[in-house]
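Here the structure comes first, spelled out in structure tokens, and everything after it is commentary.
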Amino acid sequence: MRRGRLLEIALGFTVLLASYTSHGADANLEAGNVKETRASRAKRRGGGGHDALKGPNVCGSRYNAYCCPGWKTLPGGNQCIVPICRHSCGDGFCSRPNMCTCPSGQIAPSCGSRSIQHCNIRCMNGGSCSDDHCLCQKGYIGTHCGQPVCESGCLNGGRCVAPNRCACTYGFTGPQCERDYRTGPCFTVISNQMC
């Protein structure tokens, strides 16, 4: 009985949809100077037709497609291939969502101001160049801002791989690699000796 009710609802929805498409769906809707046609609605909804959204950055389903977060279409286009950057890219350009490719080749969330910079070095991890020296973002040090800083250090042979993030050697875990999770007789003291 429940299955029959679901079928009845689905059939009713199909009839309503068919009725809508045959009664004025082709008409242009005007709101001020904005005209919305069937093709633009299909594109927005992701419905069939040649105007449906296409490309590698399309999310949703076949009939409810939209550009994935961080992507948009060119004006009048139907491919989600234009990345969106929250911050200005300055002299660079937006190359992927929230990431700029700067004139120096550096990839960062922002390239700084549009002033002309004469630097002969490349700064990494969002660092900016000033008078041929890198000014590093918090969490990085070094000539090119390439060395992450773990303020509390990494223990038991772990190494710092990102700001305050340690990569631990086998058998250790924790924010600083401080916890030993090795078990078994060879990792415990036996008669004051290790085996």
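In case you wondered, yes, glycine gets a Cβ from its N, Cα and C as well.
As annotated by TrEMBL, disulfide bond applies to CYS150-CYS160, CYS168-CYS177. Per TrEMBL, domain 'EGF-like' is recorded for 146-178. Under the heading signal peptide, TrEMBL lists 1-27.
Secondary structure from DSSP puts CYS168 (disulfide bond) in coil. Neighbour density for CYS150 (disulfide bond): within 10 A of its CB lie 19 other CB atoms from the protein chains shown. Packing around CYS160 (disulfide bond) is summarised by its Cβ count: 19 other Cβ atoms lie within 10 angstroms of its Cβ, all protein chains included. Mean pLDDT of the predicted structure over the domain 'EGF-like' (146-178): 91. DSSP classifies CYS150 (disulfide bond) as coil under the three-state reduction.
Separating the Cα atoms of CYS150 (disulfide bond) and CYS177 (disulfide bond) is a whole-number distance of 12 Å. The two recorded residues, CYS160 (disulfide bond) and CYS168 (disulfide bond), show a Cα separation of 9 Å.
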